[in-house]
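**Q** Structure provided below as structure tokens; questions to follow.
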Amino acid sequence: MMESRSPICNTCGEEIGVKSNGEFFVACHECSFPICKACLEYEFKEGRRICLRCGNPYDENVFDDVETKTSKTQSIVPTQTNNTSQDSGIHARHISTVSTIDSELNDEYGNPIWKNRVESWKDKKDKKSKKKKKDPKATKAEQHEAQIPTQQHMEDTPPNTESGATDVLSVVIPIPRTKITSYRIVIIMRLIILALFFNYRITHPVDSAYGLWLTSVICEIWFAVSWVLDQFPKWSPINRETYIDRLSARFEREGEQSQLAAVDFFVSTVDPLKEPPLITANTVLSILALDYPVDKVSCYVSDDGAAMLSFESLVETADFARKWVPFCKKYSIEPRAPEFYFSLKIDYLRDKVQPSFVKERRAMKRDYEEFKIRMNALVAKAQKTPEEGWTMQDGTSWPGNNTRDHPGMIQVFLGYSGARDIEGNELPRLVYVSREKRPGYQHHKKAGAENALVRVSAVLTNAPFILNLDCDHYVNNSKAVREAMCFLMDPVVGQDVCFVQFPQRFDGIDKSDRYANRNIVFFDVNMRGLDGIQGPVYVGTGTVFRRQALYGYSPPSKPRILPQSSSSSCCCLTKKKQPQDPSEIYKDAKREELDAAIFNLGDLDNYDEYDRSMLISQTSFEKTFGLSTVFIESTLMENGGVPDSVNPSTLIKEAIHVISCGYEEKTEWGKEIGWIYGSITEDILTGFKMHCRGWRSIYCMPLRPAFKGSAPINLSDRLHQVLRWALGSVEIFLSRHCPLWYGCSGGRLKLLQRLAYINTIVYPFTSLPLVAYCTLPAICLLTGKFIIPTLSNLASMLFLGLFISIILTSVLELRWSGVSIEDLWRNEQFWVIGGVSAHLFAVFQGFLKMLAGLDTNFTVTSKTADDLEFGELYIVKWTTLLIPPTSLLIINLVGVVAGFSDALNKGYEAWGPLFGKVFFAFWVILHLYPFLKGLMGRQNRTPTIVILWSILLASVFSLVWVRINPFVSKTDTTSLSLNCLLIDC
């Protein structure tokens, strides 16, 4: 019988203690946050009587009958809160050279790091193992103390009790009970009504149109399953509130160096002719002008097309930043992307008190216009490529003239040793990166480019956090990073947070949002629902990652506190563990080995190459991270940073080495670490892997949107964007990472979170029943049949109850989320438009790609616009995606005309059944109405080829259907022939 050990306090590191009856001391019965009596008493004295984790109030009788069982040693501050020397390390500030070196390099190792503490770690590990053998009943506190290096004991200081040092940086604000309770009740009622509805539908077939009835029932069952997958992850939505002032009070004290964590920004671009350099420049400028310590910000721009235009535009951007950044910080302007700041139609003098503002703003606007002219000149020059290729200003050939065969390129702008702003202040570091490409190597598109940036940034700056942005998403809120740090740097909340996701907001969308480009329902409803479970999914941009989570590590384990009802019997009864998959056990052991290395080796210094490689077991790390000792050493530094004594030239060569085309071969890159390969929607796959490891994510919605971007408002471009997303979901469904079964044995992914991921991969398959269901109204009108038998009073009440429950669910969802009914209706319309076009094509293309090996190449959506406002909205571009919805529109319109004609011929009795069929057809037409408007364009004209193909398909379908008439039963045809014979007689 094993003795139950007391958990450790998450505030001071001491044992929590037990009550007189032997149960563990639990302060908060809602979340069981581990805190000892001494720390709890301090919280009460300071007037904060709420739980540090969940925010629920403590019970005042919690101190009764408690026996403290603490260690006699001094208080130990948890290592998670130690953000001193490692966070503030110099991030390769002396790099200012350009390097273009092929992948065949002789690595220069010899960085002086980590000697004394490795030896102390080894000694303590040996002592700990010997002590366990001699004294198996050693207390938990003594074992915990043995894991902490000696130097950390010497540097221990009592917890800071100044104002703001212990205040929580964020709180969870639950949805009011009056709103969420009624919402849940209606969901349960809708489930019950659905069960009764399907019982009626299945037990009351339509014999005269059995095929139509069966098709409709199958479609309705699929729609119900799809609704369950979408609805239940929204069961527990929450809101969050951050306190940036408390973050500053804790980590930015007057007269001291800022202790805020460093952040590496990733900006990706491929084709500068389709992703205008001016848009990318605005994104970069908004990053460089952030309200964040300049020595903590580094911006990496990935040019995956190796275009000289991208490089030259970045040179111009770095030069203009010397004027723009001090102007933004002096006058605290928002947003800090010049194109969008100067285009704002607001009173820009509001809240401005400096007399010089108007003059300097006018001068800055003139400078920006000159900057735009220079950028436009670069774009105009790049329209025609010289036969001999591009040449740089010094006369040498541009290394990236062959975009598929070129060396790796890195250029560092600005920063500590680079150019300063016009006021002489240091600017954030700006780095141009173009990874090596050679024929015969798989490059994995955007995911491969992001992984190359992960390695380059780890070698040069190694910030503990990474923020990735698309090139067309600029920073709209200069304090966005501080918002994320309120979660990630909180020692209580942020320990197991892998990333903070911000919602996507867009500029340049028409007021009616015809094609639901804003995705308001997804970002304001679904994502907030996921935040109440295990966190939102990763959506590809506007995300702040914890670097260690990208390296495949598991979150730090939390002490487990048993509930009071079971604590008394925990020594006698043990729960039988479920058998685990051997591959999962191996991966868990591998992660635990790496986690132990991080915990114990994260702060090592001054160690030679030979002994270091012996201690770290370098071979196993190389199989995971690749053949770079410098990069491997950076992965062991949990708080990031680069040693001061590192040779800058060595780092540049090493950075070139880690972006070589063959670096990822025989490693875990893209499989277990970094952005995950296997789908063109690498964002969903990457976030899914992190959640399967036990990490959680957080959804941050500041009042001022953190980031804003552009969206394709043209119908064809929008459908191609949706096609890409849907194809990625089909690829994940057909891969080994399918959420239906992947990670089930680990038990780290919560059930509702798994349902949400299942919904993200199966939604394209809804297109098959949706196309069939949208065709049924036309068939019913053309044949005179219907999918529902004559309704009784009870059946009518059932149908009415179903419609009311659907409406109530939507209304109550709008009530707690704040989404408008117009946004909800646009979302429903485009769900049908995308379902019968892009999703349908994605299903077939996905199966062809995954099963037959036929690859589908996607081009980057052009982000240029018409001179007129919303000019792109009215442009009609030919694509095969337009044919299915156009055909459905024509078929249903023909069916409505045929139905009214038939009713006129048959008389008064035919009008009653007609209304049900016409309502069914108009339901389809109303959902496709935005598509119809998009086809008409500004001049109300549709491409002739679309009209011809659609009319041809609709006509052939109608004629064949009337000729075959397959859903008329044989008894009907027999009776019809007999009647004809009687008439002849």
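Glycine is treated like the rest: Cβ placed from N, Cα and C.
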**Q** Out of ASP230, ASP304, ASP405, which one does Swiss-Prot list together with SER268, LYS274, GLU275, LYS445 for UDP-alpha-D-glucose?
**A** ASP304
**Q** Pick from ASN476, ASN857: which does Swiss-Prot describe as N-linked glycosylation site?
**A** ASN857
**Q** Same side of the membrane for ILE175 and THR879, as recorded in Swiss-Prot?
**A** no
**Q** Return the count of C-beta atoms lying within 10 angstroms of the C-beta of LYS446 (Mn(2+) binding site), excluding that atom itself.
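**A** Excluding its own Cβ, the number within 10 Å is 20.
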**Q** With Cβ-Cβ distances below 8 Å as the criterion, list the same-chain residues six or more beyond the ends of the topological domain 'Cytoplasmic' (815-829) that contact it, or say none.
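**A** 175-176, 179-180, 183, 237, 512-516, 518-522, 524-525, 528, 926-930.
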**Q** Under 8 Å between C-beta atoms and at least six residues away from its ends: which parts of the chain pack against the topological domain 'Extracellular' (789-793)?
**A** 204-206, 799
**Q** Run through the topological domain 'Extracellular' (201-208) and tell me, per DSSP, how many residues are helix, strand and coil.
**A** 5 helix, 0 strand, 3 coil
**Q** Can you tell me the mean pLDDT for the topological domain 'Cytoplasmic' (815-829)?
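**A** Reported value for the topological domain 'Cytoplasmic' (815-829) is a mean pLDDT of 91.
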